[in-house]
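Copied over from TrEMBL:
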DOMAIN    7-134  domain 'EamA'
DOMAIN    149-280  domain 'EamA'
TRANSMEM  7-27  transmembrane segment
TRANSMEM  33-50  transmembrane segment
TRANSMEM  62-84  transmembrane segment
TRANSMEM  90-111  transmembrane segment
TRANSMEM  118-135  transmembrane segment
TRANSMEM  141-162  transmembrane segment
TRANSMEM  183-206  transmembrane segment
TRANSMEM  212-235  transmembrane segment
TRANSMEM  242-258  transmembrane segment
TRANSMEM  264-282  transmembrane segment
């Protein structure tokens, strides 16, 4: 699959996962994330086994796959889920789009990779567009009502995810295939997350309703196995800074789906914001 195809798959899948996440809120955020990646781990490990893919790697490689798991498949999601208690989904989308800038900075720090001028311009246009789309949420933001906690948690979650992007870039440079790296990364992330749940006393309840189970399967198979497999393949081809621009496009897909499912009404600011985001994508 070419770069445009990979990019389209990532944006479409992750732009739609917000629908499934709404059906996961009946359990604690930590438990929801743990169930999601536990199932994704089983699927990936089974797939690697059926394909007889090589699964032997050095201890150092396993260390970086563990970093990948902690940063991209577990605790980053927990922070974002908890932040959603204090922030609207629109504000979360704006904050998470800063991962584009974080990846540029971390790429320069860890890989001495100077971002291209057009990439910086595209990122600025995209973030400006997303800010316009959610201008009403930004205007209503109040640090005094738990907003500061939500802001700090979402920024921390975004930065941890950026570190996960760096770990994936390192693994790709070392020739570790994406699917095997993801399988072990999700395994390590899931184990550490269940360990955290056991220590912290988070209630490990499970919802057996059809809607919860369907959402869990969708998030594990499409949102995790296929979504991350596609995204990290894209990252290996074009670098973390350009690949992470897809995070700016997720809310646009979410808005389109919201128009279909929830009769979302488009305003002038939203249309202009989406236009800026698309322009940044072209740049």
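Backbone N, Cα and C define each Cβ position, glycine as well.
Since the structure is predicted, the reported quantities are computational estimates derived from the model, not experimental observations.
Long-range contacts of the transmembrane segment (62-84) within the same chain: residues 29-30, 32-34, 37, 40, 92, 95-96, 149-151, 153-154, 156-158, 160-161, 163-165, 167-168, 170-171, 174, 176, 181-182, 184-190, 192-193, 196, 224, 228, each at least 6 residues beyond the stretch ends and with a Cβ under 8 Å from a Cβ of the stretch.
A Cβ distance under 8 Å defines the sequence-distant neighbours of the transmembrane segment (33-50), meaning residues of its chain 6+ beyond its ends; these are 24, 27, 73-74, 77-78, 81, 179-180, 182-183, 186-187, 189-190, 193-194, 197, 204, 206, 216-217, 219-221, 223-225. When each of the listed stretches 90-111, 183-206, 212-235, 242-258 is scored by C-beta pairs under 8 angstroms to the transmembrane segment (7-27), 212-235 comes out highest. Each residue in the domain 'EamA' (7-134) gets a DSSP state, and the totals come to 101 helix, 0 strand, 27 coil. If you look at the transmembrane segment (90-111), the same-chain residues 6 or more away from its ends with a CB under 8 A from one of its CBs are 80, 83-84, 119-120, 123, 126-127, 130-131, 133-134, 136-138, 141, 150-151, 154-155, 157-159, 161-163, 165-166, 169-170, 239-241, 243-245, 247-248, 250-251, 254. On the 0 to 100 pLDDT scale, the model's mean across the domain 'EamA' (7-134) is 87. Cβ atoms under 8 Å from those of the transmembrane segment (118-135) belong to residues 88, 90-91, 93-94, 97-98, 100-101, 104, 241-242, 245, 248-249, 251-252, 255, 269-270, 272-283 of the same chain, restricted to positions at least 6 beyond its ends. Broken down by DSSP into helix, strand and coil, the domain 'EamA' (149-280) contains 111 helix, 0 strand, 21 coil.
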